[in-house]
Amino acid sequence: MQKELFEVPVLYCNTDKATLRCAVAEDATGLELVVVDKNNSFYRTTFDVNSSLKKIKGDEKEWKAFYDSIIESCNSNDAKVVCNGNAEVTIGLAQFTVTKDASVKDGAYQMAQLLFDSINLRTDSKAATRFTEGLQKQEAELLRQVTAMEQEKRSLADMISFQEADEKANMEEYSTLQAQLSEITERWKVFCAENGKDPEAEDPDAPIEPDFSKPIGRRGTAQDCRKHDEELLRLAKSKFCPAENETVQTKALEGDNDNWLRVIRPYTKSQYDEHIKALPEGARAQCMKVIDKMDQWDYDVWVLQDLADKGSLFYTAYSVFCYWDFFRRFKIDEQIAMNFFTQVEAGYHACPYHNSMHGADVCHVAQYILQKGGLKEKAELTDEDCFATVVAGMIHDYDHPGLNNNFHVKIQSYLATLYNDRAILENHHLAEIFDLCKDPRFDIFHGFSDEQRRDVRETMIEMVTGTDMGLHAKIFGAWKRRIKQDHDLHKKKETQRQALVMAIKMADISNCGRPTFLYLRWGMKLIEEFFMQGDNERHRGDPVSPFMDRAAPSMSKSQIAFMNFVVVPMYESIAEYLPDMHFSVDHAEENKQYWNDNDDSV
Ligand SMILES: [Zn+2]
């Protein structure tokens with residue numbers, strides 16, 4: 001609000017043709033002019049200080065001088081009014097066009113009313129207070145809007161800086177790949193020359209993909225366990241399971257009970273506090289800030305991926321195991337667990353979306369739903385159920401080729417034949433993991449009895465196959481019917497597992513329930529993966545699947561439909577059972593609104 005404006009009193013002036021009133025507008029946005037002419041017609045217009053009034057004032061004059069000249073002219077009746085449809089008003093040198101208000105039948109009465117109101121305002125202290133309160137409310141509202149806009153500005157700035165970091169990393173990777181490509185091309189040319197082949201005869205645009213007509217070989221790395229930041233693991237471990245005393249750190253390993261100390265010796269609580277305090281700013285400190293958020297919704301795998309040598313899955317899995325104290329609870333050999341995490345991480349492809357970061361993300365969210373979401377308590381889940389959930393989360397898209405089940409069915413791939421077109425990839429993720437665990441170096445289940453192993457395996461199979469969106473209607477329908485009856489899911493293994501399937505399904509599409517900038521980061525990656533499948537289909541001469549055509553993007557339409565028909569109903573019904581998860585519905589609604597405001601369809 002403009003300070004000078006408030007020094008303008010209510011001014012009246014009479015000309016031979018009309019009566020004129022000039023005062024601060026009720027909403028304090030500018031100067032209001034009111035005119036009543038001889039025919040009793042009424043004219044009224046507010047001149048906004050930021051637009052029309054500014055124009056009338058001109059650039060030369062200061063506001064104070066401008067208002068002073070208006071006041072002086074009014075007080076000395078130096079005003080002219082010409083009424084011809086509108087009222088053309090001249091006050092001193094300033095010219096105003098005041099619009100006729102035909103809805104007012106008795107202009108003089110209305111003018112008298114205004115006069116009465118302003119006298120009232122001066123003499124009636126309550127009216128004056130009401131007026132001031134009105135202004136204060138407006139001010140508070142404006143301030144609120146400013147704060148909201150500042151917040152939005154900050155989150156946009158965040159998003160931009162993330163994108164810049166992303167772009168930089170992509171460019172670096174791109175140049176590494178370029179260098180590798182030119183080396184391979186050279187070797188290819190030499191090979192062709194030696195074997196009498198024509199290097200130009202190959203199709204350079206052919207998408208590179210595994211031969212889907214054969215079983216896909218085991219992925220993973222040659223090393224059992226990846227390179228890792230031992231101090232970071234030590235801090236993560238000490239945060240969640242600190243050593244009871246200093247002897248724990250030095251004693252020699254004796255047996256199964258010490259399995260949890262096989263690799264990393266944790267600090268005691270007080271040592272941990274000291275180390276955290278002394279931790280210099282940098283990548284490790286940033287990673288610890290993420291790990292600190294284990295039971296918060298804004299745990300950020302993107303930061304871990306960038307700062308911990310692409311290890312978001314490895315470090316998340318390790319930290320989650322410490323958080324749930326699984327190493328001790330199930331006597332798991334820490335080295336075997338670290339080998340397992342390494343192989344799981346390496347088994348994810350470098351797809352835009354279905355990569356190891358997605359595995360890390362789903363692992364984190366699934367355990368969030370168990371703990372903070374209240375599922376463990378409400379469904380009275382066992383430790384084995386929680387273990388199965390965490391592991392199912394991290395492996396649920398293992399060896400995902402970035403091409404979906406429909407694609408496999410369409411090209412009749414080896415996997416489609418093997419699994420008879422039923423939950424093809426989901427079966428594959430599970431089978432590969434259980435096969436991996438036949439090797440004792442990677443057997444994450446080695447501490448279990450046969451019965452525990454069977455139980456965990458069944459839960460994991462139920463959960464991971466449940467992530468097949470082709471089964472969504474069936475699974476979700478059964479869930480809705482079940483919770484309509486009652487919420488006593490804890491009474492049967494079958495209904496406990498039903499709840500666990502819903503938890504991993506929610507975790508799998510939890511991007512939609514994240515703050516908008518994170519949701520968009522994931523969304524852009526997913527659409528890129530869709531487009532790559534579309535490219536692949538086009539190259540094969542097949543029709544391009546809906547929403548996968550790069551040439552006809554329709555992310556807004558597909559996302560709004562997905563939100564309306566899948567995400568929001570599912571989140572709402574989960575929140576009905578777990579009220580602590582309700583906040584995700586609000587995020588989903590906000591994200592839907594984003595696409596309503598930013599339609600990208602052509
Ligand atoms: Zn997934």
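The count begins at 1 with the first shown residue.
The backbone N, Cα and C atoms fix where each Cβ goes, glycine too.
Just so you know, TrEMBL annotations never went through curation; they're auto-generated.
Per TrEMBL, the AMP site holds His354, Asn355, Ser356, Met357, His358, Asp508, Gln559; the candidate it also names there, chosen from Asp325, Asp397, Asp586, Asp597, is Asp397. Proximity to ligand 1 at the level of Cβ atoms, with a cut-off under 6 angstroms, picks out Asp397, Asp508 from the binding-site residues Asn355, Ser356, Met357, Asp397, Asp508, Gln559. DSSP assigns His396 (Zn(2+) 1 binding site) to coil in the three-state reduction, placing it in neither a helix nor a strand.
Here the binding-site residues are Asn355, Ser356, Gln559, and the one ringed by the most other CB atoms within 10 angstroms is Ser356. Each of the binding-site residues His354, His396 was scored by the other Cβ atoms within 10 Å of its Cβ; the lowest score goes to His354. Around the Cβ of Asp508 (AMP binding site), a 10 Å sphere holds 21 further Cβ atoms from the protein chains shown. Taking only the Cα positions, the spacing between His396 (Zn(2+) 1 binding site) and Ser356 (AMP binding site) is 10 angstrom. The DSSP secondary structure for Gln559 (AMP binding site) is helix.
If you draw a 10 Å sphere around the CB of His358 (AMP binding site), it holds 24 other CB atoms from the protein chains shown.
Model confidence over the domain 'PDEase' (268-602) stands at 95, taken as the mean pLDDT rounded to a whole number.
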